[in-house]
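A.B. asks: Structure below; questions to follow.
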Amino acid sequence: MPSYTVTVATGSQWFAGTDDYIYLSLVGSAGCSEKHLLDKPFYNDFERGAVDSYDVTVDEELGEIQLVKIEKRKYWLHDDWYLKYITLKTPYGDYIEFPCYRWITGEGEIVLRDGRAKLACDDQIHILKQHRRKELETRQKQYRWMEWNPGFPLSIDAKCHKDLPRDIQFDSEKGVDFVLNYSRAMENLFINRFMHMFQSSWSDFADFEKIFVKISNTISERVMNHWQEDLMFGYQFLNGCNPVLIRRCTKLPKKLPVTTEMVECSLERQLTLQQEVEQGNIFIVDFELLDGIDANKTDPCTLQFLAAPICLLYKNLANKIVPIAIQLNQIPGDENPIFLPSDAKYDWLLAKIWVRSSDFHVHQTITHLLRTHLVSEVFGIALYRQLPAVHPIFKLLVAHVRFTIAINTKAREQLICEYGLFDKANATGGGGHVQMVQKAMQDLTYTSLCFPEAIKARGMDSAEDIPNYFYRDDGLLVWEAIKTFTAEVVGIYYESDQVVAEDQELQDFVNDVYVYGMRGKKTSGFPKSIKTREKLSEYLTVVIFTASAQHAAVNFGQPKVWSPSNRLWILCQTVAAPAGIWVQCGH
C-alpha cells in the first residue's frame, strides 16, 4: 500500500499550538484517501514552533496529489491552531509543499493546494478551479468594504480590531508589543504632562526642552541647538518628516504679494525676485489644504488655532534652502502681513513655528495617514477579496500589507475616532482631520503615487539644481529597484500583454481598488483595468513602494534620525509643532 510522509509545521507565535484532534485526507487525481488522525503515541503533537512528521498509508493509488484536507476537532475545549505549512513526500520520492499560514479556529475543515503560483488560465483541472472559486467566495464574505466617513477611501468592515478576520489581526505577541510600545512612548514623552502644558500659555521657548526630558541623544541635542535656524527650517522641507510638499516656484502666486524690495536682503545673486524665479532658485510650500479647516473645539477651556501658511524659500549660493517670506493665511491684506527674516527675531521665529505646525498637521493626516495607511489598506482589502492565495500577484503583495488593516482599524478605534488621541492633543482634532482627508482626496491621484512622476510634477527632479534632496535621491533608487523586480516577476508569469488582459482575477483586483477604494472617481486616474505587462509592473511598484519605502520615509523619521550613507534626516517636528504631537506607528 502506498505510504506518504506528512510533515506539519506549527507557527511559532504565542498560542499557535493546539491540543485538538487533527485529521488529514489526501485528494489525488485517481481518488481520495480516508481521514487519518495525525497522532504519535506518548507525544505532545502540534506544539508551538513544532515540525512534526507522520507516516500516512493509503489503501489505493491516489495518483498526482492535488489537495490536502485538514480537519480540526475539539479535544476538550476549542483550541485555535496556527498552521504554517504541510509538506508531503510521495512514495516516488517527490516533495510537495502546501502552504497555509493562517489560523484554524473552532471545528471545521480547510483545504490546501500546493504552493506553486498559478494563474487561473493555468488551472485546467475542475477540482482546482473549484477550490480557487470557493476560496474567493469565502474571502469576499470575510473582507467587506465599509465607509468609515463620507469622502474617505473605503475601509474594512470592522468596528474594532477583534472584529477583523483572525488571520489579519495582530497576533498575541504583536498585540502585547504594540501596547507596551504605546505605553512606553507615552511615558518617555510625558504625554500626559505634555498635553497638560497646552492648557496654559508657555512663557519661554525653553519650555520646548521639557518635551525631551527622557529623550536624550545626539540628534535631540542637535535639534534643540539648531531648530531656530533658517538652515534647519529649510532642510526639513527636503529631508524631514514631510518632504513631499516643497515645489519649485515657476510663478509667484497673486495671493502672496511679495516684492523684491521685501526680500532683497535674502537674495544673494544681485537679481530681482522675478529673475530668481526664472532661474529656478525660488521654492514654495503652500498649505492651502488647511484653509477653512475647523480648529479643535473639544475642550471649551482651551482655544486652539490653525493657520494655512504660504512659505517662500530660496536656494542660496551655498545651494542651501532657506525661508525668505511667510504669510500665515491665504488671503493677503493688512491683517495678514508677510513675515520676513529681517523682522524682529521672535516675530520671524513664531511665523516659522506656525509653518512647522501646519506642516505637522498635513504630515500626520495626509502624507502619513491618507497617502500611505489608508491607500495601502485599499490595496490590501482588494487583494484578499479578488486574488486567491495561489495567484502570483497575491504571493508578491501579501507581505507588504501585513498588519496594515489591523493598524488602521486600531487607529479608527483609538486615534482618529471621536474622543480619540487626535481630539485630545491635536489642533485638527474634533473633526478637522476628517475635513482634511475629505479635501485631500481631491488631489489623491494614481500619478501622485508614482514616485518619479510626483517628484517631477513638483519640479524637484534635478539633482544638479537641487542637491542634498536625499528623499528624492534614495527614493528613486528604491523605486527603480522595486520596478525592476516586479517587471521580472511579471515576465515569469505573464508571457504577453494578452495574458495580462485576460487575467480576470487581476482585473477584478484592479477594479475593486478603483470602484471601492477610490470611490470610482475618474479624476483619481486609478486604472479600471490593466492591459499590458509594463503597466502591471508599474501598478505593482506603486503598491509595494507606497506600503514600504514611502511609509518608511514619512514615518520612521518621527522618533529618530535615519542616516543612510551618513546622511542626516533630522527631526524638528516635535520641537516646532505647538499644536500637536507626533504618533509613531506600531509597525
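Using N, Cα and C of the backbone, Cβ positions are placed for all residues, glycine too.
Under the heading Ca(2+) 1 binding site, TrEMBL lists G17, D79, D80. Look at TrEMBL and you will find D39 tagged as Ca(2+) 2 binding site. Positions annotated as Fe cation binding site by TrEMBL: H368, H373, H551. Annotation comment: TrEMBL describes 2-118 as domain 'PLAT'. Summarising the annotation, TrEMBL assigns domain 'Lipoxygenase' to 118-587. Per TrEMBL, site 'Essential for stabilizing binding to COTL1' is recorded for W103.
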A.B. asks: Using the centroid of the Cβ atoms of G17, D79, D80 as reference, list every other same-chain residue with Cβ within 8 Å of it (recorded Ca(2+) 1 site), in sequence order.
C.D. replies: F15, A16, T18, D19, D20, F46, W81, Y82
A.B. asks: Compared by Cα position, which of the binding-site residues G17, D39, H373, H551 is the closest one to W103 (site 'Essential for stabilizing binding to COTL1')?
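C.D. replies: Closest candidate to W103 (site 'Essential for stabilizing binding to COTL1'), judged by Cα separation, is G17.
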A.B. asks: Take the Cβ of D79 (Ca(2+) 1 binding site) and count every other Cβ within 10 Å, whichever protein chain it belongs to.
C.D. replies: 17
A.B. asks: What is the separation, in Å, between the Cα atoms of D79 (Ca(2+) 1 binding site) and D39 (Ca(2+) 2 binding site)?
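C.D. replies: Answer for this pair: 16 Å between alpha carbons.
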A.B. asks: Validating a neighbour-count step here. Other CB atoms within 10 A of the CB of D39 (Ca(2+) 2 binding site): how many?
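C.D. replies: Excluding its own Cβ, the number within 10 Å is 13.
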A.B. asks: Between H373 (Fe cation binding site) and D80 (Ca(2+) 1 binding site), how many Å separate their Cα atoms?
C.D. replies: 30
A.B. asks: What is the separation, in Å, between the Cα atoms of H368 (Fe cation binding site) and G17 (Ca(2+) 1 binding site)?
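C.D. replies: It is 37 Å, counting Cα to Cα.
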A.B. asks: Could you state the CA-to-CA distance between D39 (Ca(2+) 2 binding site) and D80 (Ca(2+) 1 binding site) to the nearest Å?
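C.D. replies: About 17 Å separates the two Cα atoms.
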A.B. asks: For H368 (Fe cation binding site), list the number of other Cβ atoms lying within 10 Å of its Cβ atom.
C.D. replies: 22
